[in-house]
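Take a look at the structure set out below.
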Amino acid sequence: MEFFERFAIPHPSPAIYASMVAIGLTVIAIIAGLTYFKKWGYLWREWLTTVDHKRIGIMYLISALLMLFRGGADAIMMRAQLSMPENKLLDAQHYNEIFTTHGVVMIMFMAMPFIMALMNFVVPLQIGARDVAFPRLNALSFWLFFMGAMLFNISFVIGGSPDAGWTSYFPLAGTEFSESVGTNYYMIALQIAGIGTLATGINFMTTILKMRAPGMTLMKMPMFTWSAFITNIIIVFAFPVLTVALAMGTLDRLFASNFFTTNNGGMDMLWANLFWVWGHPEVYILVLPAFGIYSEIISTFARRNLYGYKSMVASMVIISLLSFLVWVHHFFTMGQGAFVNSIFSITTMAIAVPTGVKIFNWLFTLWKGKIVITTPMLYSLLFIPLFTIGGVTGVMLGMSAADYQYHNTMFLVAHFHLVIIPGVVFAMLAGLTYYWPKMFGFMLNERLGKLSAWIISISTLVAFIPMFFSGLDGQARRMYTYSEQAGFTMWNMISFVGAAGLAIGFALIVYNIYYSIRYAPRDIGSDPWDARSLEWATHSPVPEYNFAIVPNVDSTEAFWDAKKKGHKLFKGELEKIHMPNNSPIPFIMSSIFFVWGFSFVFAMWIPLIIATIGIFGCMAYQSFEKDHGRYISVEEIKETEEKLGGPTV
Amino acid sequence: MKIDHSLPLEYSTQENQMKILGFWIFLGAEIMLFATLFASYFVLAPRTGSGPAGSSIFELTPVLAETILLLTSSFTIGLAIHAMRLGRTKPMLVFFGITLILGLAFLGVEIYEFNHYIHVGAALQTSAFTSILLTTLGTHGAHVTFGLVWGLFIMIQIKKNGLTPQTANKSFIFSLYWHFLDVVWIFIFSFIYLKGMM
């Protein structure tokens, strides 16, 4: 029995027991459903072992949506707890756990996979490739992310959630102040997911550099591909820093080393520095692809080519460089002194310049355009004013002297939510709606889509604008309650109403998906939005080989020019196509990684060693395996093309 | 699979070219990894707490032996790739084998060295300095260990299948990895040991 005691939750509550039951029932329901409908084989062949970038993209998308609701549930609980003074809904410990998991889940397991979903699905299509450079590595990236996310998510029913904030500052996150295994989960789950992300970075950089269609020079790439390229460069250079920081944190917690402790020379500020050397570039890893999505959507629905293509690229390059030079602004108040703070203040404010260039480019693209208001366009148009509120308050926070007033208050919380929600979440919802017909062959309902866009936008303002005021009045972030005399009640109540509105908006999106699956027409053709780049030049849904003939590109908007100016996109004859085989290795190896991570969290060394051997065994098997892929014959291609309705251009 | 015979074997297919580029990018990430470790080392090196400082635990002899072993192995892997370019499988395997033996010897000395540190009271838990010292050296040592097993697998595959575009590609990528570990060691030697002994 003693062995099992370690898995108990240190601070149980009825809500957690209810969640345990719910998780158990869901797992049973899924297993029973798969068995009853005889879908195990289908699941294994078509999804778990797939190396197809489109299917991997869709799996990322499903995971991101699930995690959005997990993180959203945390958010609702926090806003409900703070809606009234001296509220007893959650105690301090649960509040700590919930704001920690909310932050980690939303950044690492919702926003990241959402971006990966769109990158995976769209980038190879936009550059006219058949897949990514290393399809099997791509599957491994997904499954490592997925297992990392699952490991993190079981923390609250086995052993207890992390409770030191999503930044896990030491010494709070050290064993002295965080005794439970929660922070071990944080360190190891992020490590596993982070390895997957790093592999994605390498994979997509190689893909974009080596697999573009003939004629597509770097400066003829669509803007989303450019943004993905820059993002992956940032990933490759930022994630190793997180890897090292997490490894040091793990050593501190499990092997009593002295990196971030307060004795024997340990230095807690080293964690803060390393974390944000990764953490600030991470912000741009999230927001640059979002900017890429907006660029695609705005030029499509303004019916104009993107204004200032070169300055768009240049501003992203500058942002990517500056993103590594601003990390100290996350802790101006933690003792660097005025000189260091001034330097980082200046670099921080400098980022507003290239970002401003991008905003003006979008506005100039709209100028004299024939604007069509669709759901994706509505999100893009609402993004500009909302994001500007978040951005301008960011410049306020970036002034180090003034930051002493704003630091660690709700003002900061309002700022970064008003950056991330319009900047990233709106873009992902816009991208989801925009690429939905390409993924599934039917469109989401426009009326419901626009309604949810409005509800989400207005609710975002209602939820977060009050925090600016309560923050300036002195309400600290991460405090689980406040007294009535503090005078924060009204602002927090308004915030709660906004949070409820957001929940309704997201529920409406789910309803829209259900409604559209049932009622949306299926005969929408391959180009329902009258769009401009290559992904719309193939069928919807996309055949596994993407393009029957590799397209020939001679402008930045190849498909538009093919439609309007009669450029010939597909030259030459059909040839047999080489495709990679499916493989169970990525899934199996990642599952072993899950066991590895779980054993590590609970310091169970024997299973850990066995799992480590298993991981290297998978790598050895992969090294010796002879797999040269397979060919799709010309007859097969003809048959598929015929079924999907013949040539597209 | 189209094979372009005008290029060296390891570059002869598009897949091979992508693998080499991808590995260079991976080495970029590895540089960031070790750069982070070095930056942390410079921050934590003076923070010895109640434990020993570098100058009192570093020994020149084993460190010099490690350096000579690893630098020589980088030379022999270069010779192996040269033999591969000439299409001569046997000398290639010989040089490849010598490389791995030198790597193994390096690892042996490093294990002796770690043993010595723990013996003189410089364990992972002793101070911030010993934590980062052993972590940085250990990360490099783990890379070498991984390389030994990886290299052995490549040798077995060459023995079985001869020099094909796949095995040549793997060998070439392995040589990049091995040279990289050598470069990291030069930094460790200069900025950890020599600087620490001064």
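In case you wondered, yes, glycine gets a Cβ from its N, Cα and C as well.
Model, not experiment: these values are computed from the prediction.
According to TrEMBL, the protein has these features:
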DOMAIN    B:1-197  domain 'Heme-copper oxidase subunit III family profile'
TRANSMEM  B:21-43  transmembrane segment
TRANSMEM  B:63-81  transmembrane segment
TRANSMEM  B:93-112  transmembrane segment
TRANSMEM  B:132-156  transmembrane segment
TRANSMEM  B:176-194  transmembrane segment
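Across the candidate stretches B:63-81, B:93-112, B:176-194, the maximum count of CB pairs under 8 A to the transmembrane segment (B:132-156) is reached by B:93-112.
Non-local neighbours of the transmembrane segment (B:93-112) in the same chain are 62, 65-66, 69-70, 72-73, 76-77, 79-80, 83, 137, 141, 144-145, 147-148, 151-152, 154-155, 158-159, 171, 178; each lies 6+ residues outside the stretch with a CB under 8 Å from one of its CB atoms. Under 8 Å from some Cβ of the transmembrane segment (B:176-194) lie the Cβ atoms of residues 20, 23-24, 27, 30, 34, 38, 41-42, 54, 58, 60, 63, 66-67, 70-71, 73-74, 77-78, 99, 103, 133, 136-137, 140, 143-144, 147, 150-151, all in the same chain and six or more residues away from its ends. In the predicted model, the domain 'Heme-copper oxidase subunit III family profile' (B:1-197) has a mean pLDDT of 95.
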